[in-house]
Amino acid sequence: MPEYRSKTSTHGRNMAGARALWRATGMRDGDFHKPIIAIANSFTQFVPGHVHLKDLGQLVAREIERVGGVAKEFDTIAVDDGIAMGHDGMLYSLPSREIIADSVEYMVNAHCADALVCISNCDKITPGMLMAALRLNIPTVFVSGGPMEAGKTKLAEHKLDLIDAMVIAADDSASDEKVAEFERSACPTCGSCSGMFTANSMNCLTEALGLSLPGNGTVVATHADREQLFLRAGRVAVELCHRWYGGEDPTALPRGIATFEAFENAMTLDIAMGGSTNTILHLLAAAQEGEVAFGMQDIDRLSKRVPQLCKVAPNTPKYHIEDVHRAGGIMAILGELARGGLLHTNAATVHARTLADAIAQWDVTQTDDENVHTFYKAGPAGIPTQIAFSQATRWDSLDTDRSDGCIRDVAHAFSQEGGLAVLYGNIARDGCVVKTAGVDESIHVFEGTARVFESQDAAVKGILADEVVAGDVVVIRYEGPKGGPGMQEMLYPTSYLKSKGLGKQCALLTDGRFSGGTSGLSIGHASPEAAAGGAIGLVREGDRILIDIPNRSINLLISDEELALRRAEQDAKGWKPVEVRPRKVTTALKAYALLATSADKGAVRDKALLDG
């Protein structure tokens, strides 16, 4: 039977010094025979998705200790992509994922913790902690801070989010007063931004992976029901310890839960709900950490068979995450996918023996349990606040309309092809990704003229200066993991294309990535990236590019001979931007770039370089 890892420092005469230090943290004689459970919190006052987490780690800690464990909390960093957006701060966003993963590994392994509770929420924090959990492979449960309530204003017919504030700010026809009103109304509460952006997408995917509890991705941060998720997460962590250390149950460990089948389930959910393209990057990275052979080809295969069953902002202004919860949350989407024969329902979870058992218990269309129905009626209060669990508003009814509601059944899908697709061609040999859920069907096949920019900054200037016109393909390169470095999000270029009325008349292609708030014909993660010799680095001003989503292709319309000639010329010059870019690349960023792989590998470290 496995022994507690913590015995390394809590047992034996020669560990008297270590025990003395443990005692200084508050441990007593009886605690040295209990599991030590690490709580990885991510509280910070910089990020609205994390500003309310300060006391929640101790909430979990008290529950762990009430049911027989010893809790030890620490914090990791959290970067706000929205605040870091549009300047050199965004260079640090994706690299922070690796720092978060490393910091969790460092703390847990240095102190020989027996289990882990991950309190995450925003864009890189959930993926970073997920990578760490799969590296460590000790009993782990995730609980997120929860989504922000959607904003409201009398100046808009629909609810608001961060993207609305960004788009209106670049609209020359909007008054300063209207911009100010949107700014004040778009982000009213604590929590992760209210649409199906990267943070909420990832928190929803942890439900499908089996590593978090039902409602983790959809109960708003302000609602009292989320407190019960935190308390239950503490209890589950102790239960997982008993199952592993007391019974050697492999499904108590992350790698026993997040198997290949579970990754397929998570990606199937992602495609069905039109999640952020960043989720592809993060799932690929997590799979590598868990030694799961899940790759771009698997995502491509799934994207061709999974329909889109849920459509949420930024893909429509009608629904936000709070509306997904009212419709039954992630368990309801998983239920529809299961009935369509699209899931591996025998996959394990931290809270139920199988996913099938979880769906039977939590799918609002399948259970008569009033407690479950009440849980999914948890709604927004519409009161600006930064305090968790501060309201208990409930919808009068659930949205169970599966033919015309927020969540659809397979027969009434928003589209029979899902919300994400992988494209291949001579411009992206190893693939690139597009969120089809946000692309108007009229431009699913698009041929346009290349407008080439060597940085996001240059592209923004060009778009705002009206240098981009209808029919153009904006190409932004040398913004990949190595080339940026850091693979910046291109939210400002896509938002400004909308502001200029070009959202349905142009395409954007980059080796960088996109915010979960992006919509339109925005194609990212072009692999290999330009800095790694990718063909996106060979595109020239005025070239024609053909994008064909139905046939999953993207091609630069030049001959193979011309492409080879350009490659030889570029090899001689070196793969770097033509123009010197005014950005400060620090030693920390250079270290990240040195080991970073392209997006098709999840932009993780190249282990071949480390292994020598």
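Every residue number used here counts from 1 along the chain in the order it is shown.
Glycine residues also receive a Cβ, built from the backbone N, Cα and C atoms like all the rest.
Annotation comment: Swiss-Prot describes Asp81, Asp123, Lys124, Glu489 as Mg(2+) binding site. Using a 10 Å Cβ-Cβ cutoff, Asp123 (Mg(2+) binding site) registers 34 neighbours.
The Cβ neighbour count for Cys122 ([2Fe-2S] cluster binding site), using a 10 Å radius over every protein chain in view, is 28. Taken from Swiss-Prot, the feature [2Fe-2S] cluster binding site applies to Cys122, Cys193.
Mapped onto three states, the DSSP output places Lys124 (Mg(2+) binding site) in coil. Lys124 (Mg(2+) binding site): 29 other CB atoms within 10 A of its CB, across all protein chains. Among the features that Swiss-Prot reports, N6-carboxylysine is placed at Lys124, with the record citing sequence analysis.
What Swiss-Prot records for Ser515 is active site, proton acceptor, and it gives sequence analysis as the kind of evidence. Cβ neighbours of Ser515 (active site, proton acceptor) (same chain, under 8 Å, six or more residues apart in sequence): Asp81, Gly82, Met85, Phe197, Thr198, Ser276, Asn278, Glu489, Met490, Leu491, Thr494.
Here the Cα atom of Cys193 ([2Fe-2S] cluster binding site) is found 10 Å from that of Asp123 (Mg(2+) binding site).
Of the chain residues outside the Mg(2+) site list Asp81, Asp123, Lys124, Glu489, Val79, Ala84, Met90, Ser93, Leu94, Cys122, Thr198, Ala199, Asn278, Ser515 have their Cβ within 8 Å of the site's Cβ mean position. A helical conformation is recorded for Asp81 (Mg(2+) binding site) in the three-state DSSP classification.
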